Amino acid sequence: MGCCVSTAPEPKIVSTEQEKVEEKKTEEQKPEEQKPKEQKTEEEKKSDGKTRNIDQLDNRITVNIIQGRNLPAADAIGSSDPYVKVTFVSKSNPDKPLEESRTRIISNRSNPVWNDTIVCEGVGIISDCKAIIFDVWDYDTATADDFLGTASITNFT
């Protein structure tokens, strides 16, 4: 057998007509006080000037470079030392990229696994990003790096 303790208030016993009227007034006022504030409609949000355009917000584009498959051999030993250069191309200034970054180099692999993440952050970059270009290169210590291939994503906004 268990024991229960109730914290609920005891019911109020109203004995006079005056107290009954006061009790009724008090109960009628409570629901009004406890009413939740009404949610603003989309129209009201726009009219009060607090809605922001996506160009005014701090944006982030995250790209995950997972792996490459069957990359051509660029080295004399029959494999490559690949890395991926990622370029976020700007609509407003195509000559100056929003961001350029690259993955780490994976030595002697034609099927490299990078599992790298590249992030481009800034105000309004989502609407300003025209394309994301992925250039795959073979790293060489003695000579210029060799181009292995490219891929791009366009029209994503």
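Using N, Cα and C of the backbone, Cβ positions are placed for all residues, glycine too.
A TrEMBL annotation is a machine prediction, not a hand-curated record.
What TrEMBL records for this protein:
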| type | residues | note |
| --- | --- | --- |
| COMPBIAS | 17-58 | compositional bias 'Basic and acidic residues' |
| DOMAIN | 42-157 | domain 'C2' |
| REGION | 1-58 | region 'Disordered' |
- Query: Can you count helix, strand and coil residues in the domain 'C2' (42-157) using DSSP?
  - Reply: 13 helix, 53 strand, 50 coil
- Overall pLDDT of the domain 'C2' (42-157), taken as the mean: 88
